[in-house]
Amino acid sequence: MKFKILHTWPSPAKINLFLYVTGKRFDGYHNIQTLFQFLNYGDTLKIIPNKTGNISLFTEKKTLLNKKNSILNAAQLLKEKALLYHKRDTTNFGAKIFLKKNIPIGSGLGGASSNAATTLIVLNKLWNTKFTLQELSTFSLKIGTDVPGFIIGNTAVIQGIGDILYPIKRIKKWYLVVYPSIQILTKNMFSSPFLTHSTPKKSIKLLLNLPFSNDFENIVKKKFIKIKKLLSMLSLYAPSRMTGTGSCVFSEFNDKESAKKILSLIPKNMKSFIAKSVNISPLHNMLNKKKYIFS
């Protein structure tokens, strides 16, 4: 068997096919029920380990070069957990990380969470810290509640605060995704006075058989008329909804050609793309298909 040295890894986008907020916890977190669908589209991370003890991030998106970046947080968290649980001397654990950003910021496609997950999974291999995916998933909640979904790497119904996952398989579809050039902060949507926090919790079987919707969609449409008009237009041609807390919207198609026809109607000042859904994260698919030398 041939082995391959690889430094570049996918950091895929997701869409929420449905998203319901079923309650608010005493600690301030929200309980949700969502269907987490991976797309064959996203960012890429080139990760080169070294023994300097420093984590360096390089990207053309200069606004991401700050201490709050999820990639830097993930790398630092992994070092801390390796020291705490495995008593590893992590002082020389370093890496250069190059981010190619395709997923719009504040779009509801999970870019920051996906970046953190790819960083954790790959550095766990490169630094030989030997955590299981479940262990990575558990402590990744400190970075963000979407991160466990990206770490486990399956299309799944996700519940709780993002920590309870039920992997499922869905028929693959084609999605037209449109970014209306509006950044929406997740924390602002969860603190909205219009969010009821009281959608009844349902069984997974019932969730998958009822029409899909998103508790944040009406809130966002009231605030951003541009998104309301975009969804109205797309809904004329295909089932269309908003992902996450916004701002991206998507339309679902059975084939690529149908999606391409509607893509031509999207205003040129809006970023849009077509992607196929996948049941396994492109990162996990890459790891599963081939054997790699991590160096």
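Quick reminder: no glycine exception, Cβ is built from N, Cα and C everywhere.
According to TrEMBL:
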ACT_SITE  K14  active site
ACT_SITE  D146  active site
BINDING   P104, I105, G106, S107, G108, L109, G110, G111, A112, S113, S114  ATP binding site
DOMAIN    71-153  domain 'GHMP kinase N-terminal'
DOMAIN    212-269  domain 'GHMP kinase C-terminal'
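Positions of TrEMBL features highlighted on the structure.
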| residue | record | Cβ contacts under 8 Å, 6 or more apart |
| --- | --- | --- |
| K14 | active site | F36, Q37, F38, L39, L109, G110, S114, D146, G149, F150, T243 |
| P104 | ATP binding site | G111, Y179, Q183, C248, K271 |
| G106 | ATP binding site | I182, Q183, I184, L185, S247 |
| G108 | ATP binding site | I15, N16, I184, M242, T243, G244, T245, G246, S247, C248 |
| A112 | ATP binding site | N69, S70, I105, G144 |
Which chain neighbours of the ATP site, leaving out P104, I105, G106, S107, G108, L109, G110, G111, A112, S113, S114, have a Cβ atom within 8 Å of the mean position of the site's Cβ atoms?
A13, I103, G244
Within 10 angstroms of the C-beta of G110 (ATP binding site), the count of other C-beta atoms across all shown chains comes to 28
The most crowded of the recorded positions S114, D146, judged by neighbouring Cβ atoms within 10 Å of its own Cβ, is S114
Summed over the domain 'GHMP kinase C-terminal' (212-269), the DSSP helix, strand and coil counts are 25 helix, 9 strand, 24 coil
The domain 'GHMP kinase N-terminal' (71-153) resolves under DSSP into 46 helix, 7 strand, 30 coil
